[in-house]
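A single structure is presented below for examination.
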Amino acid sequence: MRVLAAIALGATGLRGALAAVVPQEVLGTNPHIHHEQEKYLIELAPYQTRWVTEEEKWALKLDGVNFIDITEEHNTGFYPTLNSASYVKYPLKMQYADEVVALNKNLSTANMKANLEHFTSFHTRYYKSQTGIESATWLASQVEKVITESGAANHGATVERFAHPWGQFSIIARIPGQTNKTVVLGAHQDSINLFLPSILAAPGADDDGSGTVTILEALRGLLQSGSVAQGNATNTIEFHWYSAEEGGMLGSQAVFSSYKKNRREVKAMLQQDMTGYTKGALDAGAKEAVGIMIDYVDQGLTRFVKEIVTTYCSLGYVETKCGYACSDHTSASKYGYPAAMATESEMENTNRKIHTTDDQIKYLSFDHMLEHAKLTLGFAYELAFAPF
């Protein structure tokens, strides 16, 4: 997710530090090539592009500048849904309250805590690192376990390891419905320490370990529904854990680019990025709430997300803005798919320890994460049966 400009080390200092250190355990690099740094095409706003080095990418993030890296995907997206009226009609009120409330009772903070403790034990989940591959492998095994234990695998549910050239793969859990119309729930699995990405620890408990385990628990809860697990829902439901969000939404772009090329019909996408930190809001005298993005999102879908929070969560919501390219919903929008995003609070009160060694579990509220899991499950179930 976006980094706050309050991080102490400035971009200038980072450039010098990075230039002085040869990255360790970074996949796909050639230590014998020093004469010219590879450059990447980034987009700072729709159609506003710039060529930068990787070092300059991290400097921009340290300065609080969001971007999407379109080096491999330029000239492929067209942003038809940004800040526009939705072309998909979503339910005006909840249709399955009894079912969703019952399923939400099965959600467990203990499960999320146990999963996040293991997930943050990897030195870093940096997408070019060996431990980034190892963390993805562990996460995929947990997703597969949920699918298998629910019985959904016996009815066509699958877990795909979506390969990328940098090593760490994205993960897609697919629960087929009666149609191929698809609803996507997303989070990003990678972490980063912007000071020295390939060397320093990046536990990434909040960014986005919290979102990762939130939607994993929502998947487990959703599959307690026999109708969904047995493939009787109207629409197909997918849970995505993207690689390389921190590098500029690289993993999610590859996924949604593939979907567009294959004419996949995605009707809605909800991203959960940073779901566990409440201290910032409470210290500011604000109420604990679910943050709902209102910029660079599909407006109709965002209204629906607000209704989900109002109906199924114990907390209210607060509208907030994160600017362009702050998380993977940007990739869905880029390829014409309606997308929305939820986060832990208003952006000015979100976790300022992200992208450092201090993004740790001890600062998080699993009760707050539970509310995001309720949001995820309610969103998935209501739209699983929606007559698109």
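Keep in mind that glycine also has a Cβ here, set from the backbone N, Cα and C atoms.
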Between Cys313, Cys322, which residue forms the disulfide that Swiss-Prot gives for Cys326?
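That would be Cys322, the partner Swiss-Prot lists for Cys326.
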Can you find which of Glu238, Glu246, Glu319, Glu382 Swiss-Prot lists as binding Zn(2+) 2 at the same site as Asp207, His355?
Glu246
Using a 10 Å cut-off on Cβ-Cβ distances across all protein chains shown, tell me which of the glycosylation sites (Asn106, Asn180) has the largest neighbour count.
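Per the Cβ count within 10 Å, the most buried is Asn106.
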What is the separation, in Å, between the Cα atoms of Asp273 (Zn(2+) 1 binding site) and His355 (Zn(2+) 2 binding site)?
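About 13 Å separates the two Cα atoms.
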